[in-house]
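According to TrEMBL, the feature region 'Disordered' maps to 1-31. Here TrEMBL flags 101-135, 207-241, 242-276, 277-311, 312-346, 382-416, 452-486, 487-521, 522-556, 557-591, 592-626, 627-661 (among others) as repeat 'PPR'.
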Amino acid sequence: MSKNLLPRIKPRLTSLPNPNPNPRPTSSPSRLTRSLAISISQILNSRHTNPHWEHSLSHLLSSHPDLPLPSLLASFPDPDSTISFFHWARTAPLHSAPIVDSLAYSSLLLQLSKWRRLDEIEIFVGKMREENMIPTQNALSALLARFSDSGMAKKAMEVYELIRENYDALPHVVDCNSLLKLLVKRGSWDVARKVYDDMLKKEGGADNHSTCIMVNGFCIQGKMEEAKKLIEDRWGVGCIPNVIFYNVLIDGYFRLEKFQKGYDLFREMEKKGFLPTVVSYGIVINGFCRKGDFDKVLKIIYEMKSKGVAPNVQVFNNIMDFLCKQRSVRCAKSVLKQMMENNCQADLITFNTLISGFCRERKVKEAEMFLREAIRRGFSPNEKSYTPLIHGFYIVGEVVKATDLLAEMLERRTRPDLVAFGALIHGLVVVGKVEEALAVKAKMVVIGVNLDCQIYNCLIKGLCKEGMLSSAKKLLGEMLSQNILPDEFVYTTLVDGFIRNDNFEEAKKVFQFMEEKGIRGGVVSYNAIIKGYCKNGLMKEAVGCFNGLRNNGCNPDEVTYTTLISGFSNQGDLKGALCVLGGMIKGQRKPNVVTCSVLMDMYCNRGDTEKTEFIYNYMTLSNLSHNVVSYTILLRCFFRTHNAIKAAECFETMLSNKCAPNDAIFHYLINGLLKCLPIENHAGIGILDLLMQMVADRWDPRAAVYNSIIFTLCRYNMLRKALEFKDHIAGKRFSADCVTFLSLLYGVCVEGRSKEWMDLIEPEFIKGETQIICKYKMIFDRYICESASSEVSSVLENLLEESMGSCKPIYQVGGL
């Protein structure tokens, strides 16, 4: 799009956030202009049958020589006539047609924008560029809105920047708001903020709705302080202008599960004279639904009723949906009763929600009662009404009832298609109801729904999983008899099924049969049969199959090589495994983490720490990202040889690479460190420095290990993991202490969230522990950046002042 464009329109500020507070200025065509446009449109529509249409058009226009073309273009009843007339005006002789100038182009662009003709917009903007014309301010602002409403962020921003560069102006506030909404929706926070700041710099460039969009964006990100600051910047500290802004902030707090803050703000709104709307109550109700506080939800509904605000059907539906997902269908049913008492009429969504919830808890008979009630009330059940019931009755083993419901569904002309049947069959297979899945297949045949290869594959996979291999093989024969040609994946499913059920001879027969049928096996099917050979220790045959794969013109993938390496490793054949690894590298297949982890595990099991570490280093040099499996193996290997120094370094390396530890890591770390105590020569390794200091200070060794792990997690910006670990060990003879609190406080400040610390951690701090806090703060400061350390000091100062009355600043306590 050209960079020659763009208007400046300054809207007035409005008092309420409104999607369209100040409509873009337009001029209404006169009755004469509209009548003339209709006549022109009729002539244009007759051009295929009237050879003299151009003469008629020229004659008609000659009687209105002073009529401006832009007004005429704005009066056409449809886009095709507008475009046709514009094309004629551009090419007609000057004496026959009005002059096409930038105003005419702009009027056309406005019409095309209104009719969402985006392709034509691009064409005519290009023509303007060729003719060195610039659209009017109004036209380009409208294009910005249209691109934004159509989700075309890149083009919308292109128009926006052109306006800024060429005119030092902004689009109309309504159109800028459309752009802001799109940017926030796409998560382009920085760009949205830039646009908003540009709007604020211009008089009337931003309205309440602009600010509301940005506030909502911050709330979506969980940045509540920034959201509040944005409001304060416009209206002053402590001032929230209206209910809409309150609703956005309240919803933001509830999204973050800061339920009390959200509820307090809801009550503050009332104290300041704003009456909560049904939307306000709905937000609070949904928030307490997420919390699971159903008693509070009922009280709020009662409050709404007492204040004359009737809950609508959406509020009740959301409550019931949440309760159903929480396996509280009885409570959901009570909400339906209360809904009726409030004279709020249920809709089909209400009944579908209850049907799905009761089916999820296998209360299918009660679920069916809701279906009958929906029908009694005149609703037409859809697939969302029947599918959970059909699935539910199959799960509880009532195949006949499920089949009856399927028949009823068809009688009501709510016919399940292949996708619906496929989803149902897949669901049954997943829960192990293969026989019922086969019954559904039979019903499909009866009603004339053709099965496809995917459904057969799903059924064969289910039969193999249940060990029903003969039935799976028969299903393959049925496919062939029905002229449904099995693909490679169907055969591979059978091969894999026989291998998993330790029937490798049959797997080989199926693989051979596939080749006889002319189905050329690819890497997926070869990987399955190679896995079978490796599982049975037939490495010579596995290598032969590997060569066959290459002879068929297929390139082995990482899974092929890794399967062979695993096979050799299981046989203790290190030479064979390394040979395959060399071939893998030579074949330009980069070994992945799984490949190397297999080798590491083999060396570790052999007690060869040096070779285990060698493979680990090889991964690093090859730019392979280590995962939790490779770190676990290395950690286990180091602790087996009581090498706590290297184990600790491995753990810290893992955290520095942003790899979150799992339960296995914690298990090896806790037990390994406890067995290795005391640990010498640990200087500079944070986790060990803290551990040994606490041991020297006569802390319980297990508590010292726990605290050193928590601090190390926080040091490497893993506060969430540290909190999870703290909760996990809470029942294992460990109570959080002042060092735990200090570690977590550092974690909060490392993440730059010092203002939120009270929402994240509990102050495990008592008056007599000031000296301990100060001592360990000095240790922690060796490993934490100065800015985070300063924030910790600030928090501790305030905390000490509250707990001790008046005290010296933290840096003066204990000699710091």
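Using the three backbone atoms N, Cα and C, a Cβ is placed for every residue, glycine included.
Across all of the repeat 'PPR' (382-416), the predicted model scores a mean pLDDT of 78. Each residue in the repeat 'PPR' (382-416) gets a DSSP state, and the totals come to 26 helix, 0 strand, 9 coil.
Under DSSP, the residues of the repeat 'PPR' (627-661) split into helix, strand and coil as follows: 26 helix, 0 strand, 9 coil. The list of residues near the repeat 'PPR' (242-276) in space but at least 6 beyond its ends in sequence, with Cβ under 8 angstroms from a Cβ of it, reads 15-17, 208, 211-212, 215-216, 218-220, 222, 224, 227-228, 231, 283-284, 286-288, 290-291, 293, 307, 309, 759.
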